[in-house]
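Colleague: Quick one: structure below, then a few questions.
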């Protein structure tokens, strides 16, 4: 019988990668001779990958990009980010304890992220967390990505988990919409990378610290989903 599973988003959910993403974004903006972005600006641009982040940051300074320049800046961004992994990125408070809690309760753990798979694997490895995850699926692991629900359901399949006893944990509308489309309950963290409060997207529950992500909460939400 397949085991229950918790599937986490990565950036802004499990790991606070904002300082490194911001550094890499500003590295690419400097190549366009644009003003560096602060943390508040970063939150307006993040959430859909590096390409969209770069486009939004340029648009905010009334600068358009052709395809070739966009590709060049994305490569600068990705190379800078990859070369500095793990940089300043660290797990959010309570993450390590939550991992131990769910492992003790017999849950599988997985990651479903729109970060590139190689960078996701490198980050988790650099932080010493790889052994805890049965699957780590990035935006290029499959032929589809969040908010396509197959990204989540295929991550669960890859991990060997039970989709009828699954819970998603994320920080964005994309995560919430993905889980809903898959028929899987979703807990939203309210400390991630979005400029709107996650309650607006109607997740199954909202937490402000990983201490609140208890086995009891997970089991209650999974039961309520009616699988």
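Numbering starts at 1 and runs along the chain as it is shown here.
Cβ coordinates come from backbone N, Cα and C, glycine included.
Among the features that Swiss-Prot reports, active site, nucleophile is placed at 9, with the record citing sequence analysis. Annotation source Swiss-Prot lists Mg(2+) binding site at 9, 11, 171, citing sequence analysis.
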Colleague: When DSSP is mapped onto helix/strand/coil, what comes out for residue 11 (Mg(2+) binding site)?
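Modeller: DSSP assigns residue 11 (Mg(2+) binding site) to strand.
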Colleague: Ranked by the number of other Cβ atoms within 10 Å of their own Cβ, which of the recorded positions 9, 11, 171 ranks first?
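Modeller: Of the recorded positions 9, 11, 171, the highest Cβ count within 10 Å belongs to 9.
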Colleague: Cα-Cα separation of residue 9 (active site, nucleophile) and residue 171 (Mg(2+) binding site), in Å?
Modeller: 7
Colleague: Compute the centroid of the Cβ atoms of 9, 11, 171, then list the same-chain residues not in that set whose Cβ lies within 8 Å of it, in sequence order, for the Mg(2+) site.
Modeller: 8, 10, 12, 13, 14, 113, 170, 172, 175, 189, 192, 193
